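Going by TrEMBL, these are the annotated features:
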type     : residues  : note
TRANSMEM : B:20-41   : transmembrane segment
TRANSMEM : B:61-83   : transmembrane segment
TRANSMEM : B:95-114  : transmembrane segment
TRANSMEM : B:120-140 : transmembrane segment
TRANSMEM : B:152-170 : transmembrane segment
TRANSMEM : B:209-228 : transmembrane segment
TRANSMEM : B:249-276 : transmembrane segment
TRANSMEM : B:296-319 : transmembrane segment
TRANSMEM : B:331-355 : transmembrane segment
Amino acid sequence: MTLELVAIFLASSFRLAIPLLFAATGELVSERAGVVNMSIEGMMLAGAFGGAIGAAMTGSPLLGLACAVLAVLPVALLQSVLTNTLRANQIVTGIGINILVLGLTTLGYREFFGARSRTTIPGFDAWPVPVLSDLPLVGPLFQQIGMAWLAIAIILAVGAVLTMTGLGITLRAVGENPQAVAKAGRSVLALRHGAVLFAGIMSALGGAFLSIGDIHTFTEGMTNGAGYLAITAVIFGSWKLGRTVMACLLFGAATALQFQLPALGLGIPNALLIMLPYLLAFLAVAGLVGRQTAPRALAQPYWP
Amino acid sequence: MSVASRSAAPPRLPPGLAGLLLPVGAVLAAFAVGAVAIMALGVPLGEALTAFWRGAFGNAYAISASINRAVALALVGTGFVFAARAGLTNVGGEGQIAVGGVAATAICLAPGIADLPLGLAFLVPLLGATLAGGVWGALAGFLKVRVGTNEVISTLLLSFIAVWLLYWSVQSEALLRQPMTSSATLPESLPIPVTTQVPLLTGSYSSPVTLGLPLLVVIAAVTALVLSRSIFGFQLKAVGLNPVAAARAGIAVGASIVTALFLAGAMGGLAGGLMLQGEQYSLKAGFSSGYGFDGLVVGLLARNSIAGVIAGALLFGFLRSGGISMEMGASVPSALIDVLQGLIVVTIAGAAYYVDRGDRK
């Protein structure tokens, strides 16, 4: 492997991990509060679609990003009301929402862009970090669009809030023992609604990264399992922020490796690399890699 | 979960009636939305419905294809209900279908299988598919009992693993991919020998309803009986309602959980075997695409009734076929069917709270 290839590999690993970093961080917060959003996939898709439409109509990727967040709000709200207020099965509602969003965005895309056209839409340009981006080997790592740095900033902020603030402690307690939180006078429902909404907005950012950040176009069902991969990252990360971030980077690297295999001439089957994240997560939940500590009230509706 | 605080709930419909009205109402409401959407797309409603009708019921072939699809969905849905009785959510239908398809292909193409007498040539691969799906499901059950892994997470992950195993097996010549004679050789398996194909009821490819239909009827009837009348069915229910109490009553909780998920997976595997040996005849990467999740949704819609599973499977089987025809004949995107299906699921899941409220005593 030449140094140049290593540099490209590092940079593309990071780039491919960014949508996962957004979505997985959002899902982590929500799962720590006790709500599983199978709909991360649909929420990312809604974000990708909203971002694409917004950017195409206004010509500004920044306004596109705002549209991505707007587009995800009804989806996140639906998920939250169904699972928290109506106490519906979290898995089933999530899968239903994914089917619904896939259908709606495909219909909307055909109406808006016309069937099968692949128009390029305005997207973000790279924001190279001065000095660092000129370094050998790691230089390409620092030639990402601004959203990459936004992801890192949000992750650091989430880490700080979760560990150092009262809100963070309460939020984690809601996922472990909601009854205790209710007894302490905090609203379980409000906290969980907030957590799902946060997961939705983060997913929208991740989805928008795919459409207006990375490839500057929208295609039907373009998230193609990225949402499930983000959920898998949270599981493999054992519901801890640091480990989840590492999982996202690892999954990004596995994806990047798929594209580099031909260049490297390695005999690893492509399918094995695509399967790797799910396999690792499965081994992890099977207790073969480290210990898993899911929040105790995960996926359980709260009855006062 | 306190009960007293909700004892003053408003008067409700009898649970059985509400359980029936809810899915019917949700489906009708979704259809109404669909009609509005079609008109909003600027397609004459009559034209769209004609195309839909042609695709779903238009001729013997269309009806047969819809029925075959419904059989696969009903099998996955029946498995879902089986596991649900023990309080387990099997979201792994997609992967169970995939491993079933892979196993069926591998056995069909194995030397000697095609020459087996007495219909064993198609029965052996079908059994292999069933077992493979069963093992895939039981794995999740085993983990739940041994390590305490939530079966929702493990069946979902196993599902993705299986789908990529399928992809791998048709990409690699060392596995099931047909020999590469040119660069245009498609990544799929060789077609299975004719003797290993599941027989068609009419014997004609113009109305290809397979033996899977009577097989499903038998399996559905047996499942309904086992769940409602047998000791095993009672044990599953006890495990689902309260595993601790069930264990104290002497029920082997661990074995029940593994068995329930084995059976759920086995039905998914059988569905995969039937889809391959009865319809597609060669393994392709997108083989299981969507069937598993549709089957799950059918299981949910049915609200634990096997009759409901059949009704739901027929509905979705014909909806999908009609949707595809609507796309080709009236240029209404078949994504509209996704929208309807999503609406149905979301409505029923959300309204379950109002229907079940009375049951939480």
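Any Cβ shown, glycine's included, is placed from N, Cα and C.
No curator has checked TrEMBL annotations; they are predicted automatically.
The transmembrane segment (B:296-319) shares the most Cβ pairs under 8 Å with B:61-83, out of the stretches B:61-83, B:95-114, B:249-276, B:331-355. Long-range contacts of the transmembrane segment (B:209-228) within the same chain: residues 64, 67-68, 71-72, 74-75, 78, 81-82, 85, 198-202, 236-237, 267, 270, 274, 278-279, 306-307, 309-310, each at least 6 residues beyond the stretch ends and with a Cβ under 8 Å from a Cβ of the stretch. With a cut-off of 8 Å between Cβ atoms, the residues of this chain six or more beyond the transmembrane segment (B:249-276) that come close are 68, 71-73, 75-76, 78-80, 82-83, 85-86, 88, 90, 92-93, 95-105, 108, 125-126, 128-138, 140-142, 144-145, 151, 155, 192, 198, 210, 212, 215, 219, 232, 235-236, 238-239, 243, 283, 287-288, 291-292, 295. Of the candidate ranges B:61-83, B:95-114, B:120-140, B:95-114 has the most C-beta pairs within less than 8 angstroms of the transmembrane segment (B:152-170).
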